[in-house]
């Protein structure tokens, strides 16, 4: 029993995170030097995300009987994403107005060091709905795979899957090759995931070593508000959605606990995308639904990022004594509904989108971003965890509404923790 606990990925990642916090706190310089361990692990995961999405989506779509089902899945998914993301934005707006974590700071924007956020501001200039939509179309197929752009790979995979389905029996050989290739890719994932504790240790040691636990105290009120809001959203909003669709949010969280710990260590929900594809399929969701909803959700269904964006923007207004009336806050909400779709599930993207939003709205001081730059890294954990749980719940809901969910299998898997071990042996 003891060997089983020690050999479980859950225990190893938890131990690694604890050791990372200890090293970063006691030996901050050494902890900061551990950054390459975390970066290396995330790069290994990113290396195989494009082929994983391609194989999953192509085999999922090409293997379907009706193409109408794919269109229905996409439409329901996008509608769900928009509704739930809006709820997340509104909840963030309500909580930050109710608790007012920035009131009383009386910060003069002119005294803030804007040079620290200049790089983010430059990146933010390229953010825009037209630019975002055009960016979904790759300059070349090879370029899409080389850059690892999730939406570009997804677009090509959907078109490839449709075409493969259309040619019927002639494409059977190609279908079998891609299906076999996907098994090889998931075998690689199993090898990479053995390094998850090393990646989590390095990322956590760097975070604590560079920013220090003390930096949490300075702006702790905003961090506390954000974490509480994320918990409220997960257990009240997502919990209600889960209950309405026949499953428990607590059991679902228990089912993906290893993935949540890896995300906690790396601050990137993208680091477990390949594993989530496998786990959601093992839960009873059809491959075609999983292949469309999970990758698309990484750009269109970032609930944690949505909460963060509204809270951070209003916090800056409160801290710098910038008055925002109801109309201006509604305008901010509408802009965020669009700009939040440009945030990918990677560390730092939420901050860039925040910079883009503040630039677009106009009546908030851009220099105010310097206030939360130091603690953004500490809030990214809650963002990524909420994003991951939100995308998992979305997959089950969409699968259920598209009649692509085996509810008996879902109930059996959620009731039986041993099922998780079977998933880990996939491929």
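All residue numbers here begin at 1 and follow the chain in the order shown.
A Cβ is built for glycine as well, from the same backbone N, Cα and C atoms used for every other residue.
These come from Swiss-Prot:
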TRANSMEM  5-25  transmembrane segment
TRANSMEM  44-64  transmembrane segment
TRANSMEM  76-96  transmembrane segment
TRANSMEM  142-162  transmembrane segment
TRANSMEM  184-206  transmembrane segment
TRANSMEM  222-242  transmembrane segment
TRANSMEM  307-327  transmembrane segment
TRANSMEM  330-350  transmembrane segment
TRANSMEM  352-372  transmembrane segment
Top Cβ-contact partner of the transmembrane segment (76-96) among 44-64, 184-206, 222-242, 352-372 (pairs under 8 Å): 222-242
Outside the transmembrane segment (142-162), six or more residues from its ends: residues with CB under 8 Å to it: 46-47, 49-51, 53-54, 57-62, 67, 70, 135-136, 291-292, 295-296, 298-299, 344
Same-chain residue ranges lying at least 6 outside the transmembrane segment (184-206) that approach it to Cβ under 8 Å: 9, 12-13, 15-17, 19-21, 23-24, 30-42, 44-45, 48, 51-52, 55, 261-262, 264-267, 271, 274-275, 278, 424-427
Chain residues in Cβ proximity to the transmembrane segment (307-327) (below 8 Å; excluding those fewer than six residues from its ends, i.e. six or more beyond): 88-93, 95-97, 100-103, 105-109, 222, 225-226, 229-230, 233, 333, 336, 339-340, 350, 353-354, 357-358, 361, 363-365, 368-369, 371-372, 379, 382-383, 386
For the transmembrane segment (44-64), distant same-chain residues with Cβ under 8 A (at least six beyond the ends): 70, 144-145, 148, 150, 153-154, 156-158, 160-162, 164-165, 171, 175, 178-179, 181-182, 185-186, 188-189, 192, 195, 270-274, 277, 286-292, 295
